[in-house]
Structures are given as structure tokens and as C-alpha cells.
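Remarks on the structure that follows.
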Amino acid sequence: MTGKKAVVILSGGLDSTTCMGVGKEAGYELYPISFHYGQRHDREIENAKKVASYFNVTEHKVFSLEFLKEIGGSSLTDQSMEVSQEGVGEDVPNTYVPGRNTIFLSIAASYAEAIGAEKIYVGVSAVDYSGYPDCRPEFIEAMQQTIYQGTNANPAMTIEAPLIDLSKGDTVKLGMKLNVPYHLTTSCYLGGEEACGECDSCRLRLQGFEEAGATDPIKYM
């Protein structure tokens, strides 16, 4: 281990787990963080813990952000709304959680500064999530500038979004090359013991494995 530290925003899903593999390959000591924010698919936290254990991390923090449920405005935090199954398009889907990635990256930056980490890994993909405003390169660049201006980190920490230009198929190929434990992950928005296979997240995941010529190791209904 080189002594270099990196914070990884870890949801327990395919993308963030791939980022764990990327960070490990780059020689970083990984410090994953996960979030309870009243999401209907909070099962993902248990998956995140399994992934963190697989990578034998020094510490895995889970932060509570229940106020995001109080804010509402998303089918992921409001049980009265149905999860969108319309597919990824130009419109913002109702699974978008207002301000979520802004808050996640702000907390990640605070934690990274406190522990002296030089990298923050986040698994956003502008290609697959074209409808999510906080998955665009412009957003990541803006948050990078915010971190430069608003922290006392020395050296300045940088946000790494290694999947930003990758399709889901390319992401799966990368993860397989890095021996990422996809069998420990979950992507389903409904949060059941078995993935639904119908929500946008499940469909993108299945499409990714198909494009990669591989079989998804998790169970579907």
C-alpha cells in the first residue's frame, strides 16, 4: 500500500463498486462512504457493506441523510410515487433525487479533507444517465471548482469520475477486468430481495452485461 487515500461514494451498486476496483488498481487505500437517505431501496446499504468487506477497507462510514426523504420530489424517497419505467431519455426521470449528488460530494469532500485523502471517486455516467443533471461532466467540473475554493486540502483533492464517458457495457467490461465483485451488488430501485428487471436501473444493468457478453450474477424475479 502506498499510503495514498481515496474516498469512494459507495452505493452498493454496479457503478460505485466498479469505482472501488478502479481506486484499488490505482494503488489507493480506499475509504468508502454510503448514505441512508430514506431511499426505498435501502437494501443497497447492506450490499455496500459486503463490497467494502470484500475490498478489506480500513473503514466504511454510513451517513444518515433522512432529510432528503422529507424534501421529497423523487420516487426513490416518496413511496406515494411510482418508480419510472419509461427508460432513459432527455427528460429528467422521477427517480432523480433533487440535490443528492451535490450533497454526497460535499460530504465526501469534507471527509476527504479530514483524513487527508487526495481523490474522491464517484460512479456517475453521463452516457447512461442523460436525464440526470448531476451526472453531467459540467456538474462534476463545477463541484471540482467548489472543492478547490471551499476547502483547505493540501494538496488539493480531485474528483475522479472514471465512468463518466463509458456505456454500461464498457463499465461492466472494466469491472470484470478488475475482478470487481458484481455478485455482491444491487441496482434495483424497488429494493426487493431479487431485482425486478423492469426499472430503469435494472434495465441498464442487464443491457450492460449483454453488451459485455457476460451474465449478470445477481438474481432477478
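Just so you know, glycine gets a Cβ as well, placed from its N, Cα and C.
In three-state terms derived from DSSP, L14 (ATP binding site) belongs to a helical segment. If you look up Swiss-Prot, you'll see L10, S11, G12, G13, L14, D15, S16, T17, T18, C19, M20 marked as ATP binding site.
Summarising the annotation, Swiss-Prot assigns Zn(2+) binding site to C188, C196, C199, C202 and lists sequence analysis as the type of evidence. Look at C188 (Zn(2+) binding site): DSSP puts it in coil.
Other than L10, S11, G12, G13, L14, D15, S16, T17, T18, C19, M20, the residues of this chain whose Cβ falls within 8 Å of the Cβ centroid of the ATP site are, in sequence order, V8, A48, V51, G123, T185.
In this structure, of the binding-site residues L14, M20, C188, C196, C199, the smallest number of CB atoms within 10 A of the CB marks C196. Note: the CA-CA distance between C196 (Zn(2+) binding site) and L14 (ATP binding site) rounds to 15 Å.
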